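Pulled from TrEMBL:
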type	residues	note
TRANSMEM	45-65	transmembrane segment
DOMAIN	49-468	domain 'Major facilitator superfamily (MFS) profile'
TRANSMEM	85-102	transmembrane segment
TRANSMEM	114-132	transmembrane segment
TRANSMEM	138-161	transmembrane segment
TRANSMEM	173-193	transmembrane segment
TRANSMEM	199-218	transmembrane segment
TRANSMEM	278-294	transmembrane segment
TRANSMEM	345-366	transmembrane segment
TRANSMEM	378-403	transmembrane segment
TRANSMEM	415-434	transmembrane segment
TRANSMEM	440-461	transmembrane segment
Amino acid sequence: MGRESIEEGELSSPLLLNDRSQIRGRDDANVGGDGQSGGSSATTALVISTLVSVSGSYVFGSAVGYSSPTQAGITHDLDLSLAEYSVFGSIITIGAMIGSLMSGRIADYIGRRGVIGFSEIFCIVGWLAIAFSKSSWWLGIGRLLVGYGIGLLAYVVPIYIAEITPKNIRGGFTTLHQLMICCGASVMFLIGAFVSWRILALIGTFPCLVQLLGLFFIPESPRWLAKIGRWKDCEAALQHFRGDSVDISDEAAEIRDYTETLQQHSEATIFELFKRKYVYSLIVGVGLMVLQQFGGVNGIAFYASSIFVSAGFSGSVGTIAMAVVQIPMTALGVVLMDISGRRPLLMISAAGTCLGCFFVAMSFLSQSLHKWIEFSPFLALMGVLMYIGSFSLGMGGVPWVIMSEVFPINMKGSAGSLVTVVGWLCSGIISYAFNFLMNWSSAGTFFIFSSVCGLTVLFVAKLVPETKGRTLEEIQASMNSFSSK
């Protein structure tokens, strides 16, 4: 079958939507598929590969959650000042930004699976440096190395999952990335209440070792193998993921046609990302990441206890309530991802965070006006829990899913690095500025966050495409077509 050519910035959609759909229609009649041969069920190989990959997400969460329960022990044992410990807590963001800058290119050169293993080496060395540190210098070096490792993982884990899963279950599987981040942070917080900070750092190496061993038993991404011209390996990996009894010829041919067509053009660099043909994907990917962070999630998560205390509520009770809400709501988001679709989940989630921030703002405003003082602590608790629950439902995980879906294979490296760096940069800005904003106006801070979350609803409604039930090739073809208009 002939392949249509593409003009500069425009992928010919008949390649994906006409000839292939006819073949898929015949296949569906034979195998009862959903439009992607063999894509209607999760095989054992797919589940195992996903679990191994999201072990990296658990490592991510463990690293983020480590600093909260260890502050007292580290500052006492190493005689650190508050400023020195603040550097230790925040330097992970610097490491993550460096890792994010390099993640895309490294993933393109050595593969998705290779990057996961590469990142875990840095995480293990970093955890060991923290566990055996005798000074703040080694402590910081260890934290920086762990940050570099999770910066790589933040990009490559959702990319790998998106590239190996069938379209009808891709969203739910990719959202496991966010669920495991929540689990890692929560488990670290709970264990940290009972063991020393050095033991906790050693415990942090366990999931890294589990993932390193697991990588020997999972295949590389079929789409990356196709990108580098290893067609037989691509088909073997795809067959492994879909099952031996499934006919993968249509899906494999679609991947091959799309990849070969893209290879007519040079690999996208950071500067080429800003060309018109990529603008739609870039706006969606970067826009979601900026709005996710500027909605205040890290300010609320990092300083939740102080928020509750400022509002007149028990910090410990509020923090425990947050942990109880977060994981179930993230799990619900995983279930709903491929049922409701990405757009409805994002809009409901953003609307919930908007309302949650509004309630917290009203709590602080009532305190400043000395009205309804007896109700303001409960209003703050309700607002923060609504925010955390709503964020966990969609805004926490869906932007990463969208990021893994909207960029063509020839620009995933550069684009993924840029989007992830922007996310970490915005995270650092909010984390640093939050206390200053609260000193300026507690109510005003949360009114700002509420406004950003409201803007997110409009952004999703107007610009974010629905990717549920579509192959990666179909998504990217439609977005390229949009950009060329």
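Indices start at 1 and increase along the chain as displayed.
Backbone N, Cα and C atoms are what each Cβ position is placed from, and that goes for glycine too.
Any TrEMBL annotation is an automated prediction that lacks curation.
Spatially, the transmembrane segment (278-294) is not adjacent to the transmembrane segment (138-161); fewer than three Cβ-Cβ distances between them are under 8 Å for residues at least 6 apart in sequence. For the transmembrane segment (440-461), the most Cβ-contacting stretch among 114-132, 173-193, 345-366, 378-403, 415-434 is 345-366 (pairs under 8 Å).
With respect to Cβ pairs under 8 Å, the transmembrane segment (114-132) is most closely packed against 199-218, considering the stretches 199-218, 345-366, 415-434. Looking just at the domain 'Major facilitator superfamily (MFS) profile' (49-468), the mean pLDDT is 84.
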